[in-house]
């Protein structure tokens with residue numbers, strides 16, 4: 001396989017499949033099929049199912065709280081970062097609409 005044949009999407013899918021196979025910890029929540037390779041990740045995920053939100057945004061007049069530290073950090077970027085991800089048409093490469101997003105995951109959902 002040449003380097004140009006390996007796309008970020010293919011790499012991401014392969015990593016996802018490998019993590020699912022290596023997962024040792026499963027969510028005990030009814031209807032939740034999430035699995036994790038590390039207990040700490042399961043614990044953070046279980047907080048997302050509960051009302052526990054220990055990580056609070058300190059931005060003036062925000063105060064939004066999150067179950068995991070990385071969720072709070074990602075949220076804080078919305079206060080400070082100018083939208084830096086622009087729709088360029090996704091995998092199809094067809095023009096794109098030019099809409100701007102502060103987060104790559106939001107752009108990816110838009111392009112699906």
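Placement of Cβ uses the backbone N, Cα and C atoms for every residue, glycine included.
Per TrEMBL, the stretch carrying the note region 'Disordered' among 1-31, 32-62 is 1-31. Remote same-chain residues near the domain 'C2H2-type' (55-84) are listed as 44, 47-48, 100-103 (criterion: CB distance under 8 Å, separation of at least six residues from the stretch ends).
Per DSSP, the domain 'C2H2-type' (25-54) is made up of 11 helix, 4 strand, 15 coil.
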